[in-house]
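The structure under discussion appears below in the form of structure tokens.
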Ligand code: NAD
């Protein structure tokens with residue numbers, strides 16, 4: 001019998017929470033639950049999502065204790081895992097992250113370029129606060145953090161909470177591996193044995209094999225030349241957002257820079273920033289799409305369920321894409337030694353790359369945390385790109401810790417998406433005004 005776990009979802013007012021709750025309930029054979037709690041610092045959002053989730057739990061697994069709160073002590077006491085997915089500043093600030101750089105002709109994106117740097121400057125304090133609460137109220141718990149921008153947040157946790165039990169993970173490579181499986185006609189990414197290295201949202205697959213060891217890279221590369229990562233299933237999916245379709249298709253071009261590997265989709269922002277800007281609408285960005293679409297849909301559905309007093313006909317679906325978080329918790333809780341891509345300190349695993357960079361590489365996961373797998377030396381092209389990007393991430397964390405305007409200007413100037421120090425300064429000054437409530441004061 002597996003020991004039951006107590007789980008806290010931090011960022012409990014997220015639009016993804018109801019789907020993740022359904023998934024947790026569905027996967028109780030893998031990760032049985034004793035208690036499930038939600039925590040958010042926005043009482044109104046938390047109450048709407050919390051009341052709807054209470055119905056889901058009551059109807060599907062009444063034996064699981066459920067509660068939601070904005071009180072850190074209540075939330076973080078007696079838990080085994082914190083699943084952290086907060087968005088400091090919410091979508092209103094993401095809109096600024098996207099629109100301010102675009103106003104200056106630069107990529108406006110949630111995690112890449114100046115928008116990602118701005119979001120990082122907001123997220124660091126929020127994530128560190130969650131870690132402090134966890135350590136105060138449940139010192140044996142683990143935090144599984146997938147709050148973005150993961151690269152900057154991971155560097156900040158390395159520096160500010162070096163002994164904390166925090167694991168930083170991202171769903172992007174996992175999502176792409178699902179596309180690989182679909183392209184190959186396999187039922188799941190779990191059939192694939194992969195090697196990958198890079199930084200978060202900035203990496204390359206070097207090997208993809210099946211369980212018998214057969215090399216599957218040539219077949220995916222052939223497909224990618226024509227369709228990018230748009231699998232046949234996605235191509236015929238009427239619900240696929242136009243922006244994601246474009247991102248998957250653009251891999252056709254991104255992959256040509258190194259035909260021996262397969263790239264992370266987000267490298268498009270660094271290789272083709274001019275094209276990305278030309279295709280962006282500076283007045284209506286991804287944040288607007290989410291606020292008008294997903295956010296509205298989810299809150300309407302929560303309110304509908306609460307008003308009718310049951311969730312038997314809910315439109316919420318099991319959030320299968322978040323399965324990796326359960327795999328991660330399960331690996332730690334039951335010492336499964338599952339292999340997963342994590343964002344960890346390099347420490348020589350990429351042998352010719354910065355020792356203390358936070359890199360994304362395969363690790364084995366068990367009860368005592370992770371053991372990274374050795375990557376070896378990487379080529380000049382990738383090494384050069386990664387050195388530049390990791391400097392952006394480190395300078396951003398320096399700027400947050402020191403309150404340094406200069407370091408943040410250097411960080412934005414160094415981003416490959418930004419054409420000059422003048423443009424970087426103009427963007428920075430606008431971002432400072434927009435983020436007054438959230439950033440430390442910069443001198
Ligand atoms: P969202 O805005 O729907 O929800 C985030 C929640 O975090 C909000 O309810 C907000 O009030 C809360 N929050 C903000 N600051 C907080 C703080 N200091 N303490 C507690 N709660 C706080 O956002 P979302 O789209 O679900 O994304 C959440 C985060 O997870 C983002 O960083 C996103 O990039 C990342 N992420 C999410 C998924 C997913 O499947 N949910 C996948 C990958 C990455």
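Each residue, glycine too, has its Cβ placed from N, Cα and C.
Fair warning: this is a prediction, and the values are worked out from it, not measured in the lab.
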Requested in this report: For the substrate site, TrEMBL lists 94, 148; sort out which one of 275, 286, 294, 297 goes with them.
Outcome: 286
Query raised in the report: Do any of the recorded positions 94, 170, 171 touch ligand 1, in the sense that the CB is under 6 Å from one of its atoms?
Result: 171
Query - Integer Cα-Cα distance in angstrom, residue 148 (substrate binding site) to residue 170 (Mn(2+) binding site) - result: 8
Query raised in the report: recorded positions 94, 110, 286: which have a Cα within 10 Å of residue 201 (Mn(2+) binding site)?
Result: none
**Report entry** Candidate recorded positions 94, 110, 286, pick with smallest Cα gap to residue 170 (Mn(2+) binding site)
**Finding:** 110
Requested in this report: Around the recorded substrate site, report the further residues of that chain (criterion: Cβ within 8 Å of the mean position of the Cβ atoms of 94, 148, 286; site residues excluded), sequence-ordered.
Outcome: 87, 91, 97, 98, 109, 110, 111, 115, 119, 287, 290
